[in-house]
Amino acid sequence: MSTVKITPSAASFATSIKHLAGIQLPRLQNTIFTSNSTKFRAPRRAFTVSMAASLDTPLEVCVKQSITTPNKLGDCPFTQRVLLTLEEKHLPYDMKFVDLSNKPDWFLKISPEGKVPLIKLDEKWVPDSDVITQALEEKFPEPPLTTPPEKASIGSKIFPKFVAFLKSKDPTDGTEQALLDELTAFNDYLKENGPFINGNEVSAADLSLGPKLYHLEISLGHYKNWSIPDSLSYVKSYMKSIFSRESFINTRALKEDVIEGWRPKVMG
């Protein structure tokens, strides 16, 4: 079983978090990537102080393994949502790679449905990105990522419209326009309420939508030579902002994996 350990901080802080807000920790020692007996060293990172800095044991997370590159994270947007939450909350975590095309027995014992993401919290394995991110918010409330209920569903219809358009083989079936309608509505929302879904700060809704837009951009560009129109400038700026965050860069799938991951749906 291959693992990757990510440790944002190993220190504990007794001082109130409000007095530490914005302080930057010294750069960390290199993280160790472990695959059987082989060790790889990852680039150093710097993280902002948070209440989660006192977490001594990394949280175990089962993730999809890359289908194009050994010992790399795969292309599941729901897994990236969980990893983004861990990164934004500065929580150390240990990724356990799972080959979903040949699921190992140890994984099926803890996930009978054979799905990722899966995280171990309080000695129990918890499935489903919705449940996981809510549990993380309750257990580690700082920094807060909750999106107000009235804003939580903003942009949520984009993903199913994207999938329908990607799978469509009939250019006249209206799936492209349906996607454009949702993107336009989101663009209008951002124009009045942005730059993020909850205003000036990134929240849980952005961490859910961002990976899906990443898949949209790559897969539609590859399979349909399609891109979001320049007229939707607020959406494009939003994507640029989300995609350039350190947390996103640390957890994004390889472009090749996104392309290969969607191939069965496109060709089916």
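Every residue gets a Cβ built from N, Cα and C, even glycine.
The annotation domain 'GST N-terminal' is assigned in TrEMBL to 66-144.
On the 0 to 100 pLDDT scale, the model's mean across the domain 'GST N-terminal' (66-144) is 97. According to DSSP, the secondary structure content of the domain 'GST N-terminal' (66-144) in residues is 29 helix, 15 strand, 35 coil.
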